[in-house]
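Engineer: TrEMBL lists these features:
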TRANSMEM  B:21-42  transmembrane segment
TRANSMEM  B:381-402  transmembrane segment
TRANSMEM  B:423-440  transmembrane segment
TRANSMEM  B:460-477  transmembrane segment
TRANSMEM  B:489-506  transmembrane segment
TRANSMEM  B:512-529  transmembrane segment
TRANSMEM  B:541-564  transmembrane segment
TRANSMEM  B:597-621  transmembrane segment
Amino acid sequence: MKLAPLDITSNIDNTITKYTNVKSTKILRTLQLFIKMSVKIRAAYTNSISTSRIIFTCLAAVIVRYYLMLSKYQTVIANHVEVSTPLNSWKRVSEGLYLISKNINPYEGDVLHETPLSLYLYKNILLVFQDRIHLAFITFDVATAIILFFTTKKFNWDLFVEEENNKETFAKDAVECFLKPEKLFKSSYYVLLTYLFNPFTLFSCVGYSTTVFYNFYLAVMMFCMVHGISVICGIFLALAASVSFYPVVLILPVTMYFKYAIKSNFKIIINLFSFITTSVLIMLMCTDFGKDFSYIRNVYGCILTVPDLQPNIGLFWYFFTEMFEHFRELFIYAFQINNTILYLVPISLRFRKHPFLLTVAINFIITIFKSYPSVGDVGFVLSVVPSFPHLFPFSQQGFLVGTMLIISTSLAPILYYLWIYCNSANANFYFGVTLSFAVAQIFLLTDLLFSQVKRDYMLKYGKNRKIDGEEGILCLE
Amino acid sequence: MGLLTDPSTGQGKFVKILLKYYVHACILLYVSGVLWFLAIAYPNMNANTYFSENALLPGLVKSQFREDREASRYHEEFLDEMKKYPDSIPYPWLLAKFKQIGLDAYMHNFTLASPFNRKDKFSGKNVYGILRAPRGSSAEALVLSTPFRPSSSPHPPTEPSIAIMLAFAKYANKEKYWAKDIIFLITEHEQVGVQAWLEAYYGVTCGSENILDHGDLKGRGGAIQAAINLELHSERIGQMDIKIEGLNGQLPNLDLFNLASKMCSKEGVYQTFKNRGHFYTRKPLLEWWNYFKNMLTMMATQATGIPNGNHGLFHRFGIQALTLEGFEQSKATGSSRIWFVGIGRIIEGVFRSLNNLLERFHQSFFFYLLPSSDRYISISIYIPSVCLMVGTMFIKACARWFKMIETNSEGKNLETSAIRVDKIIITFLTTHFFGVLISNVPQFVAQYPTLSQYETNIKVFYPLLASVVLLTVLPLFVSIRHCKKSMELLNILAMLELGTTLICISMNNFSLGLFCGIISVPAALVINPSNCRVCSYFQRFLWFLIHPLNILVCIVMINTYYLFPEENLDVILFRGWDATMQSIIFSIVDSMIYGNWLYGVITNIFIPNWLCFWIVSFSVFKEGETIKDSDKEKKE
Amino acid sequence: MRLITTYFLVFLITVIQAFSNKSHTNNWAVLVDTSRFWFNYRHVANVLSIYRSVKRLGIPDSQIILMIADDMACNPRNPRPATVFNNADQHINVYGDDVEVDYRGYEVTVENFVRLLTGRLPPGTPRSKQLLSDEGSNVLIYLTGHGGDGFLKFQDSEEITSQEMADALEQMWQKQRYNEIFFMIDTCQAASMYERFYSPNILAVGSSLVGEDSLSHHVDSSIGVYIIDRYTYYALEFLEKVNPQSDRSLSEFLKVCPKSVCISTVGVRKDLYNRDPSRVPITDFFGSVRPIDILHDITNVTLVQRKRAKSKKPKAKPKKYMYVDPLVNFNSLNV
């Protein structure tokens, strides 16, 4: 908005702003920017990653997944509690589908915790892929990765444009932390790499966990959010929420995104409308138009009241096994509130200017504190992190977090084996590991958010942080 | 939020201190780790053993076993019977005896295919009888096992233990107080028999597919809670040794060891651990040295991961088990010998205590070291030594990381030394890929029947050796060794991997983790990407020395020297080399039959990790030096 | 005049005291073993021995509530099935033919125990499971099991705290469910259980002080368990010499287990008890000896024939009371 207009565009600009609405000027401004930007930057954006490279990466990912799925390790991975939780294990889905084929309501027992809609989807997937079901998982996983790639690419572009627009409001000596287009535009490729090759998503896909589909919904939702396709965004948000309930809270950051990044009130309403309509529709379909509500207890009841205390990488199971029964209700409320709405409002207020980061952060919080997390969820949120390369110089705990993640990931299966099979370690060992895993994720998240705060500060006030001649200190309070 | 609040975007105070003193810190930590390890054998650091499970009620009951005449008769009959079956187990006689006593008697057939030549098959038979709990629900069971050894076996004979087992079965069957089934198990072919029986009992396969065909069991008891393996070499026992080390270094619950130990001393037999009994001395240094020696012997056995008795295979199934090995000769002067009555009473006492058990063993320690049979060192005491050592790896990695970032931000304007993350990761993954390949060499060999004409040594060991040796030239093909930062990052990665591996191993098998740590940590500390030629030659030499294969050769050679001190050097070298080959073959066979993971860990993790460091030690870079120079070096 | 009044008062007090010596009209005993599992054989033996003694001294089965958390006699580990012995010589089978266990196994819970004491039992509870005491009852409460500082473990899953115990007794007092209580407890740190008592007329004795363990007495090597606890053993030794006619006093009983033989210190709390234990016969609690006056003059009482009133009874008011369901459904407890 405070661009020094170039000769050609300034005329158009002046004339058009008088007669058209804000939206078209915005497009024009972007156009201006494009023209104004050096050839180098444009080249950096368009040629940052060649298509062949992406295809090659995806192919490599497919091969690795395919090999692992056909090897003897598949069952080992699928049976790990870190990969398959009661909510997402494919074993339970097959069991449920079998029960349906025998005309037994799968929600009568404690076997199945998937919605009827998901079951319907799986049934059709099975019809399409027959006994090559692993291909379905690979397809969805790779599709998620590619969608994430385009999502973050768009996000980075938007970020860059916005900064170019606001450059004049920044402090003079903040040049150092300006976005570096070569690095920035490459980051989406790193997102792709991280999603495809980090062991968490890899194992989640190889272990046939239905988190693969959940991640797909989330990725599509984020894609539509970034591109401003509010209708589909609402639909997929509703889908994700119907599977795991927690994404309901994502409606707030999505709204924020439409408000602050896309600046369109109309889209907010459309998004809300489509979200609510889809949710109601899903509800209607799942309940067979109000006939059968048994799935609600088995899906959302299971998510919210945590009846299945099989160990997983989350924090719920240990507390609820150790707890006296009469405190259970109180702590269920405490834990679920902590998970959903405790951080929602403050973080949303603080980071309203960075709605994409906000979306990632809320999703991150959900992943850490949800009742049945699996490594697939963790892999998803971790793979979005590389799309913030501009924050890395400000981060402090990168090494610590990395080390903690490595150690806890490698110790978890070992201690589980010692506890369950060898009978020599006990639950405390495993819980210690899951706790450190959660702490590592929390460190990563706070580090990321704090880096954003620091960057904002630096852009505004410059590198110099002297308060009364003394070196100032930035604190989280 | 001190940890999360950073004073500045630059380096914090902590990082500055770290960068300044990390070398000192590493040395200090390593030395204190070693000192800690030395100190844990000191009596003030460890404690007397005690029973923490009060349901055991050890030794409260009066022993009533009086079937010693039966035992002697069984012994004589069995010796006669064995003559009819020179090479195999006299199963009809055993089955008949079990039935005569009144047990449910069954036979179990199993087949073992040779791991390197699947066509060669060996079969064996186990015999077992189940005493059903007269008033219990048969939900739980105890096992009394003993290996059958034909007279041609190189191991000391165990007929007396079969005799006493039968006599005890006869006695126990008359009693009405058993709340659990007792399974009397006689196995053939040493550990293979037990492994096959256990796999059949649980319906699982622990090793590779198609090697051990565990067959099927016709009769089962309840969930097995504990097992006692008997190896008595004589009718008169002057010394009873308790063996506990199991597969992959797993140990039974300390309460079981205490129980066996208490029962032995109650019956007055000279009871030992690692062939050493109690010793009383007032000199603290001598006491420490005795404890330390004993602990070290135990750790050496544990570190190999090979069970030193049939009990070791039970552990993986969550069954607490140990071996009672009885010798006629006693080390203690003037100690008395016990006869069948005494042995029977030891068994009776142990089993009646186990019978009292309400839950599975869980009260006492599973992770411990024993400096003597009446003292223990718990995990909280011994784990700091490994943690201190591993800590050095993480501290150094951390310091190096920050140093790299620091120089990175300083040299920002130059933009010369871009870190090629992708290439580093590819290098890292390639080494591990080679590791996986090496670990699969034996499987690969076994699949090719054309190779079956060759000897196992030739077709397994030499390809392995060749591939390991070939891999040492890998650094020459790594292009990033000219980039200091990339090498630095690879070094950090390797250090993190080594640290994590050591922690993980120590959780499973503390002794192995500790020994690996003591050897590899100082060498890994020395390795840095450096452009000083002398330094890097020194690094390479040092790192070459600690190649897993070299260490194995050293250990075996030393062992051979101690076993045959009178032989000439060349004979020792030859024998040592032979033994090295054998040990590698055995560890592969163990991994294929029993699921011993030592071979897998070494080939899949240690060798790739060794390669990573090896590549780092080959880093060549000099400011202003071009690639041509390094090409020259390649030719050299 | 005042002098006369004072004399009168003094006279009155002596009279009352004389009567209050024998103030109770009936005797009850609540005997509880709170721990299960074979290695706790001795606790079952403890409680059954006390049961045997009070029964021998005259309290009928209908007035003894016996709670035993486990069935040692039928434990498969018991080499002498269907018996429980309290002595190594095995000459007294305390689990004889006429033992009536009122609460057994998993019925022995804190809730059931407190409900039993306070009388808040669900309707339809059989009489044998009720403590039907009144303001004239002397109640003997004997507890044995595993205790800690301020609590007593029930089974392996729950515990009663000393405060809960004290509150239960206070409720008993307020509901006039006892005249006097003799509270006897044989656990580790037994004294901590009665420290919180605040209701009157309670004499409490515990086998050990806070911070002390109570120990077992001896092992039966053929059964292979610790067979009885020290304090109960010496208490029994004393009780065996008592018969319903004997005049051994309570103070003798309180000294029954000196530290030299008990190893733990026996704790006694007398401040809530307003009688002198040395004047109270032991049979006031352990037996069923009541003060009986024999009347010599016979009076004939003729029953008066009452005519039925034909007038309409006033309409009964609708009931104000209703039964509130207990927190735990008792039907589900009888597992």
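Just so it is clear, glycine is given a Cβ too, placed from its N, Cα and C backbone atoms.
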Engineer: Which residues of the same chain, at least 6 past either end of the transmembrane segment (B:489-506), have a Cβ under 8 Å from a Cβ in it?
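Structural biologist: Residues 383, 386-387, 389-390, 393-394, 396-397, 400-401, 404, 419, 421, 424, 427-428, 480, 512-514, 516-517, 520-521, 524, 527-529, 601, 605-606, 609, 612-613, 615-616 contact the transmembrane segment (B:489-506) from elsewhere in the chain.
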Engineer: The transmembrane segment (B:541-564) and the transmembrane segment (B:381-402): do they have three or more Cβ pairs under 8 Å, with pairs 6 or more apart in sequence?
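Structural biologist: Between the transmembrane segment (B:381-402) and the transmembrane segment (B:541-564), contact is absent.
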Engineer: What stretch in B:423-440, B:460-477, B:512-529 has the biggest tally of Cβ pairs under 8 Å against the transmembrane segment (B:541-564)?
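Structural biologist: Most contacts with the transmembrane segment (B:541-564): B:512-529.
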Engineer: Sequence-remote contacts (6 or more beyond its ends) of the transmembrane segment (B:423-440), Cβ cut-off under 8 Å?
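Structural biologist: Residues 464, 467-468, 471, 474, 478-480, 486, 489-490, 493-494, 599-600, 603-605, 607-609, 611-612, 615.
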Engineer: Quickly jot the same-chain residues contacting the transmembrane segment (B:597-621) by Cβ under 8 Å, restricted to those at least six beyond its ends, or write none.
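Structural biologist: Residues packing against the transmembrane segment (B:597-621) from afar: 248, 304-305, 427-428, 431-432, 434-436, 438-439, 468, 471-472, 474-476, 478, 481-484, 487, 490-491, 493-494, 497-498, 501, 505, 512, 516, 524, 527-531, 536, 539-540, 543-544, 546-548, 584, 587-588, 590-591, 629-630, 633.
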